[in-house]
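Among the features that TrEMBL reports, region 'Disordered' is placed at 1-30. According to TrEMBL, the compositional bias 'Polar residues' annotation covers 18-29. If you look up TrEMBL, you'll see 44-172 marked as domain 'MPN'.
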Amino acid sequence: MDELMQLCKPDKSLPDSLKTTDPSPSPLSTLVKDLEASESPKKLHISVKMMDEFMRLARKNTKNNIETCAVLAGSLKNATFSVTALIIPKQQATSNTCQTENEEEIFEWQDKQGLFQLGWIHTHPTQACFMSSVDLHTHYSYQVLLPEAIAIVMSPMDNRRKYGIFRLSDPGGVRTIQKCPLRGFHAHDPPVDGSQIYEHCSHVILSTDLKFQVADLR
């Protein structure tokens, strides 16, 4: 339900499907070493208070049926990820789209804090809690870099569940999106392995005492 968030700096040496963040000095080298030490997905902790704070900051947009999106950043310690920052970039949005602007500000703030991206969060103010085709393509750019990356959908109007924490099924969903050349809203065939294209995360642990910071760049 959202325009593709352009959250990855282009690397011209890679094919379009694998363009990623500019590999400048960052915690990424440490991350790679830690990831090599064990299998994925690792546990990922996130604060429920952070999700509540995001909804508070998105309240004005939500009342006006406008989406809001943000980036989740954090660190890896003792083979466990922790989301410790909520970064809300400048953005343009409608009732079913959200597109970031001035993405460089996200990376600058993130690099100064020594953090890397662990996923993203956005609202569905008028829709149910699910991942649209555009959401799936957006999340692919996160999950192809980090298998543990999460996509949180906040749906205050959904009476069944107010939020969902999702990821592409792996390998089925990942391969389906990797091979899909379409953009915008469109249908996807089910993965050839018979799995669902995306799923609820089983590696996420909700915390009530995990500390976090907020960077509202709007």
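Placed from the backbone N, Cα and C atoms, the Cβ positions cover glycine too.
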Overall pLDDT for the domain 'MPN' (44-172), taken as the rounded mean: 96
The domain 'MPN' (44-172), counted residue by residue under DSSP: helix, strand, coil: 38 helix, 47 strand, 44 coil
